Every structure is written in C-alpha cells, then in structure tokens.
Amino acid sequence: DGCGHTVLGPESGTLASINYPQTSPNSTVCEWEIRVKPGQRIQLKFGDFDIDDSDSCHSSYLRVHNGIGPTRTEIGKYCGFGFQMGGLITSKSNEVTVQFMSGTHTSGRGFLAAYSTTDKSDLITCLDNASHFSEPEFNKYCPAGCVIPFADISGTIPHGYRDSSSLCMAGVHAGVVSNTLGGQINVVISKGIPYYEGSLANNVTSKVGPLSTSLFTFKTSGCYGTLGMESGVIPDAQITASSILEWSDQTGQVNIWKPENARLKRVGPPWAAFITDEHQWLQIDLNKEKRITGIITTGSTLAEYYYYVSAYRILYSDDAQKWTVYREPGMDKDKIFQGNTELYQEVRNNFIPPIIARFFRINPLKWHQKIAMKVELLGCQFSIGRAPKITMPPPPQNKNDDKNDDFSDDFIHSVKTSLQTDKTTFTPEIKNTTVTPSVTKDVALAAVLVPVLVMVFTTLILILVCAWHWRNRKKKTEGTYDLPYWDRAGWWKGMKQFLPTKSAEHEETPVRYSSSEISHLRPREVPTMLQTESAEYAQPLVGGIVGTLHQRSTFKPEEGKEASYADLDPYNSPIQEVYHAYAEPLPITGPEYATPIIMDMSSHPSTPLGVPSVSTFKAAGNQAPPLVGTYNKLLSRTDSTSSAQALYDTPKGQPGPGAADELVYQVPQSVAHSTGSKDE
C-alpha cells in the first residue's frame, strides 16, 4: 500500500512513493519488480530522495536488490533528508527489486526515481527541466511514465515551452516521446517569449505561462505537415462515414451534417453521426499510403450544438477491407485516445510509432450528447523504393522440395520486410512542429543581404562624415576675424531700419577718414576696415604702431551708455594674448575729439605726408569741435597715464564743418618734455 506513481516500460520507467511529493503515510510498504530484456542491465537514477533517517534507516528506508525473489542480493540501503544520490545504481542482471519501507515519521517527501537499460547513458528523470542544463542544445533520454500530476508545463508547439517546464513531460505533449515507452529527445534552448499558450495534447494539459528568460523546443523528423483535410487536397468523395445526421429545423430547412463537413477550421457545421453508439466511424481515404504521425480534433464549433467526441480509437488499412486497431508497441490493448473536453478547443494526439496506411478511420467511444467532430491529419508522404530483382538458384529436385519452397517463401518475405524498413519520406509543408527550420536557404539569403546592408550603412556613415567635415570647413573659410554671413554689414544695414532709433542728444557721429588720408596710409597696409564707410569706431593704436591695426580692436563704448545692437563688438579675435586698448573719455576741460596726424620720427617736420610715418592724435585745446558727438582719446598699451600731457601742434588754417577731410597737421614743435618723448 505504499506504491505511488508507477509506469514500468519494457526499457524504462518511473516509480515514486505514495503521496509524493507530500509526506508519505506511516507504516506503508511497496515493492517494484523491474525486468528488461535478457542480456541487458538496469540503471536506477533518483530525481528526489527525502526519507526520514531519525532511527538510522531502521524503520524507514529504500532498499535495492539484484534479482527478483528469494535469490535476490542487496545492492544498498538508503535513507536521509535531502539525500543526494551520487551517480547511478547499476544492477548485475536484467532484474531488479526496489523496496520502500515507511515507518513512523513526521516528515519526508519519499522519493521519485527513473530507470532504463544501461545503454541509455544520458538518462534523466521526470523532474528535470531545461534550467538544469547550460548547453544550448543537448540530447537526453526520457523514461516512460513522465506524465505525472505534480509536474507542470507551459507552452506548446511550434512556439516552444517555458524553461521551467519538465523536459520529458513537454516531450510527451509535443509528441516527441511516448509516455508508455519513453525515448530520446533533442532539446534546443532559445530566448524566452512574453507569453506561453496552453493546449491539450497527448493527454497532457499545458498551462498558460508568463515571460521567461529562455524556452526550449525539440528537433524532430519534421513529418508533422497537414495531409489535406483543412486545405481541401483530400476531395469530398474520399471522406465517408457510417451514418449522417439529417433533420429539418423549425423553418422547414433540411440540415445535413455530411462527412465532408469534418474539415478542421471549416466554417459551418461538422460531421455528425445519425446513430449514437460505439460502432460509428469517420473514414478518410488518402489516395495512397502515407506516414501519419498525428491527428487534431474539435467538436461541433457551433455554440447552439454542444457536441464533441471525448474518446476514440484509431483503425487503419491498406485496402479498406482488413482493419488494424492502433496499439503501442509491446501493449496488448487498443490505445484509447483522449478527445475533446469542449466543442471549440483543438486537441492533438500523436502516433508513436507513426501509422503507415492509405485508409484511416476514427471510431468514437465517448461523446457529449451527439457524435460530432472536425479533424485534420498530420504526417508526410511515404514512398517505397524500387525493390531489387531477387534471383535465386533453382532448388534441387528431391524429396525436400516442399521444405525448399517454404524456405524460399520465408526468404522473400524477409526481403520484403527489410525493404519496408528502408522507406523514405518527403516532408510536406510543416505545421505544428518544433523542428528547427532548415537554414540552408536562410544562409544563402543572409550571404547576399548582409554585405548589401553593410555597404548601405557604410555609405550612409561616409555621407554623414563628409557632410560634417564640409560644414566645419565652410565655417573655417569665413575667416578667423570675419563675421558670419548673418552678421555682415549688408545684412546689418538692412536690419537697422527695423531697430528703434536713438534720440538726437544721445546719437553718436562716427569718425570718418578722407580718401586722401586713406591713400597716404596704404603703404602701411592699413586694413580694409578703415576703408568701409560703415565703420562706427576708430582703430586704436596698439603699441603706438599703425601696423598693429590689423588686430581689429575698437574703441570702448561710452561708460554708462545704454547697450544696444550697435554697441556689440562685431569682431571676434581668436588670439587671446593680444591686448586691445580702448580710448578713455577726454577730460571735460579738454577738447571733445582727437584727430590723427602723420609724422615721421626720423625726418624734418615738413616731411610730406606720403612718407611712412607714425600716427598719433592732437588735442586742439578748448577749441569748439566742428562735429557733433563725443570722441575718445586713444591710449597706448605701454602708456595710459601720462599721454594726457603730450604737446601737439595746432592745425594749419581755420577748420570748418566741411573741411574735415582736408585738415593738415604739423609735427610737434617741441619734444623737450619728457612726457612727449614717452608718448613717441
């Protein structure tokens, strides 16, 4: 009475203590006798082991024996909480006895174990999931009996299963392995998806699952394409049934639920049997032998007719005369497939091994209200290679002719049997499969697309880089001291008319030079700024030499004057070390403006003005200025305090308002004062 979940297959199986994973009851016992083919040995692997060891394995323990019956010998006796069984327990023969004793205890889950023949070196248990393995792709052997009520899976094919799902239970759901036989699985790990769908397949219910970091799918033969019910490849004439439901509704319209209505996802009513018993069937003629790997069924899909088939058998034939009921290998009972639990949901069942036949029959055994269903078959093409011509030497003519005839018949039959095992398949359009798609075409396509994309992106990057360099170069070509095009004089003149005008008492009159003076200064390479009529400030003397005027300094605006657009310095000198001198306002008692004179420090005062000379300013005493506005006095960078005491000569002639362009100045008459020397 201590036996829990148990499936003992011919090559593998699963066994667990009663109530696992809950605490097993006190004073219970169970023995499992495991046999495999003679000549093989058995290996046992524990997925979980948690047995009370408070009495040192005296009343609660697990014992493993070689052999069965009185002659068996003990391999080991085990107990302990959370005991980690190292490696596998291997028998010496093809028979093993496992004994579980549960004495008085208060805790302990018991155990769950899997077994297989020793040639399955990659055996895992039903509790292993994808997160237990780090490889992106691996092969494992699943034992029989992994459809267990205490394990969960999320997902379905072809999208994949959540990484927390039991590998072997998901393999049964996907139709990769059989729950009664077990089998090899080829697992591929991929990036997880946000949502996992649920479905019912192979008597396993997959639940809806949330986002996970990874998922896994299975590699299979790829023989899971639809065979033509939904698409119409199978004509109506090849779909027949034992009976057809026909009746007239309240409006007098005749409703006939014919066999050709039994096409999956076809809008409208399904096929329904007129007679409701276990002898009804729906038959599909595939026109030739095909490899059939699965079937998908639904109910009526009509809300007002809640009809569906909940269990059925499968029969197949090559001639529609002799029928074979589908059974799993090694089983002596017909396999009963779980059908639908409601009228809408699609339920899939797989055939392991697949069915090779032309005619396919569904025999409903259980149903809800009436027998009604829609179906689709899964599989692929099946063809037999041409058999080689068999030549046999003529048998000797003697009394053993009858024996020789029997031998030749047996030989031919064995050859035919061997030929049938060499059948090849052609994969149609694949649906509902976890097969990793062939990457041959994808690789060829990628080999073309990747270089093209690289060239396109490279070209775009080069265009952007060139545009960036062109823009920077354009900025540099404006000159270090030039203004941007939006600040140049032409644009500024156009904008000045929109700016508010100043009052007459605050308006300044710019200092201007006559054309004759400019022509005299050309040998000194006076900058073009002095020739522009729109210059609003005179050039300062930096270091007392006219040649330094190319630094483009300006007079400092009046102190306390309200700032305006015209007061902004439109020149920007990048050389931070150059000192720009600004003129300070003249004293109140002094003249209100200064005018330049030309003098030659190495010649007579009467030296012509065309000779290169040094420019300075002359203060004209208290004489009233002929021009309106206040002008500044320039200071040298080396002399900013004593220049106010310099002596200047007075201009020749009487200046007037219209004679500013023809003023001529003489060289100072006396330079005896130290201050005058300092200014020079």
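Keep in mind that glycine also has a Cβ here, set from the backbone N, Cα and C atoms.
Residues or ranges marked as compositional bias 'Polar residues' by TrEMBL: 667-680. The disulfide bond annotation in TrEMBL covers Cys3-Cys30. Annotation comment: TrEMBL describes 3-118 as domain 'CUB'. For 120-216, the entry in TrEMBL reads domain 'LCCL'. Positions annotated as domain 'F5/8 type C' by TrEMBL: 223-380. The annotation region 'Disordered' is assigned in TrEMBL to 640-680. Among the features that TrEMBL reports, transmembrane segment is placed at 443-468.
Model confidence over the domain 'LCCL' (120-216) stands at 93, taken as the mean pLDDT rounded to a whole number. It is Cys3, among the disulfide-bonded residues Cys3, Cys30, whose Cβ has the fewest other Cβ atoms within 10 Å in the structure shown. For the domain 'LCCL' (120-216), DSSP puts the residue distribution at 11 helix, 38 strand, 48 coil. According to DSSP, the secondary structure content of the domain 'CUB' (3-118) in residues is 0 helix, 61 strand, 55 coil.
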